[in-house]
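J.: I'd like to ask some things about the structure below.
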């Protein structure tokens, strides 16, 4: 996530539409200065910055996408349109999903998060960032193998990046190539000195990482899913380098667009564990459904998922441009949505510091996000796109 830190702060049609937040054409860009990155602060509003200027912007709560690779490849400014996808108007698989939600285990999430935050930092350019990714890859691989899904075509892939820390993609094939994706980001950062200071990243985004890992484990308890008998393909993504400007997820979705991957829905889970800010504001526990820079049809569907399967309500909230990896999916023409732990203004202010620790998180609240993730994946696994 990119915002102010502590103290500094249902058949797809052939119709094509343009994301309402997108602008028509990119302006000209000043030639690349040496050792700088090109960032996009709003649609087609760019600036060349140093690495230090990147972190300064993040400390000031400024969102951005690092589009340097797009610029260097000559593809920056390409307008990727989004196909309209019709999502189910009602939940149709409660009989199968509710027993699966009973298998979600908070103790799994806690033990996984305790280990994940034990790495000194998961900064995407660090050695421990590679080590944490390797550990996570092993957990995802074990979940897939233990379910028997790998005997039916399920795979776990390391998606390589030039900075070292790789992204992780678990793919559970269905009967079609229509693909439903749940995402989180695995990297962490300490914005004061990213290469030196500790960054436990418990909430941002260790919480989302273990939330969708637990949803994957529960989902694969369905023999129908694990044996590849669902209508659609399901993927779980753990992106590298979100904190550097959505670098990992951009690379993934650029690859998917190049290879004409048929993505019907993408849901991001970034920060799922902090509820105290909501309670301190005198409000009831809820989850925050992002309503800006997202696909409105998919967002409406997710509201129905929450209402049906979660024990807490949702509230609508906004997080601005490029606030997490769902923006990369949208950028490449794939419908995406994002649900966060609370109203945006009540979310965790300890992120990007040494104080982003487990002790401040609620695993009961994370369980609500896991229920939502599980139900989202199962319902759309059988949607007649």
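Using N, Cα and C of the backbone, Cβ positions are placed for all residues, glycine too.
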J.: Among 86, 93, 95, 352, which residue does Swiss-Prot annotate as binding Zn(2+) 2 together with 204, 243?
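T.: Record source Swiss-Prot; matching candidate: 352.
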J.: Between the recorded positions 243, 319, 323, 352, which lies closest to residue 204 (Zn(2+) 1 binding site), Cα to Cα?
T.: 352
J.: Of 185, 270, 319, which recorded positions come within 10 Å of residue 243 (Zn(2+) 2 binding site), going by C-alpha to C-alpha distance?
T.: 185
J.: Within a 10 Å radius around the Cβ, which one of these disulfide-bonded residues has the most neighbouring Cβ atoms: 319, 323?
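T.: Sorting the candidates by Cβ neighbours within 10 Å, the top entry is 319.
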J.: Can you tell which of the binding-site residues (204, 243) has the fewest other C-beta atoms within 10 angstroms of its C-beta?
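T.: So among 204, 243, the binding-site residues given, the one with the fewest Cβ atoms within 10 Å is 243.
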J.: What is the interatomic distance between the Cα atoms of residue 185 (Zn(2+) 1 binding site) and residue 319 (disulfide bond), given in whole Å?
T.: 16
